[in-house]
Amino acid sequence: MTQSTTPAPSASVAVSKENTVNQKTKINLLDLNRKQMRELFVSMGEKPFRADQIMKWIYHYCYDDFDQMTDINKVLRAKLKEIAEIKAPEVSEEQRSADGTIKWAIKVGSQQVETVYIPEDDRATLCVSSQVGCALECKFCSTAQQGFNRNLKVSEIIGQVWRAAKIIGALKETGRRPITNVVMMGMGEPLLNLNNVIPALEIMMDDFGFGLSKRRVTVSTSGVVPALDKLADAVDVALAISLHAPTDDIRDEIVPINKKYNIEMFLDGVRRYIAKSNANQGRVTVEYVMLDHINDSTEQAHQLAECLKDTPCKINLIPWNPFPGAPYGRSSNSRIDRFSKVLMEYGFTTIVRKTRGDDIDAACGQLAGDVIDRTKRTLKKRLQGEPISVKAV
């Protein structure tokens, strides 16, 4: 085949300003979805199918070295090495739980986010972060106490999946399953980073990416309603909603974004999402953390059932996972059981989530990472004399 003499493009081709440092920076191919990858190859004078070949090497085989891609000719490999790279964030620390859960501290610049691998008998779920810290200040969540620094880039989101897949693929231990499910339930609010989360989701579900079913990719949100509508128009994935309270007065206190988008507005947005989605099979998952004598009474169970009567859903009750400095307690098993029974009497599918990885601070609500807080939230807490949680890493 005759090779094109088209000059190699500058490193800014097909990459958004957010994911480009300067004109001399190589393009990180992990920042590109398939459409962008094809645009890059066309700009190089290559056929679009070359992008598909490269994506298979990157995501099916977890290769990051162009020279290992044996069905790519040497001239194209040389071109790619000049202008591009495949660079996933590195693991700075690994912790293993007695229950098989693995938590990785992932280095992103001078900071760290956390990614969790949760193996089960019939699946293996990867919990992925979307931001360095979180801006939403949910009172029961360790991540929220660290403040917020920045959004993760596409390569830093999909790179968590790539890095985990490479590590798990290399493990020869019995029972280590490949990743079957991804949940955007790590550090950060995914809907506040849609510009990077959406391309990452597209790569997760692309046949030339990780090829996951849309029913096995879940985005969790605390209720950024306008962004929920944008997500519905952009990509179809399973949805989980962090509700955590049956009434606005309680939710205003523990999930402060409720003061802007209250429960009625949130659930209206959820029903609009369900109407557009096939991935959810007609219902969403409601996440409800169980806080002792805060939101776990029998009366509140009845209130929750009334609140959700027009929203097709299943309900996950999550025993709260403690972290240092938190002002809450975990609901007792008896209170959780009573709460669950009330919901089931109303006909709701209700599951009490099994706690995984709490011995390594990898359970729901415990992820902390290492965040340089741009919101000055921790400073404000010190000045006000409020308790401050200790980082898990």
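Each residue, glycine too, has its Cβ placed from N, Cα and C.
Going through S213, S220, S277, S297 against Swiss-Prot, the one listed in the S-adenosyl-L-methionine site together with G188, E189, S242, L243, H244, N321 turns out to be S220. For the pair H244 (S-adenosyl-L-methionine binding site) and C138 ([4Fe-4S] cluster binding site), the C-alpha distance works out to 10 angstrom. Around S220 (S-adenosyl-L-methionine binding site), taking its Cβ as the centre, 21 other Cβ atoms fall within 10 Å, counting all chains. The binding-site residues in question are C138, C141, and the one with the fewest Cβ neighbours inside 10 Å is C138. Of all Cβ atoms in the shown protein chains, 27 besides its own fall within 10 Å of the Cβ of E114 (active site, proton acceptor).
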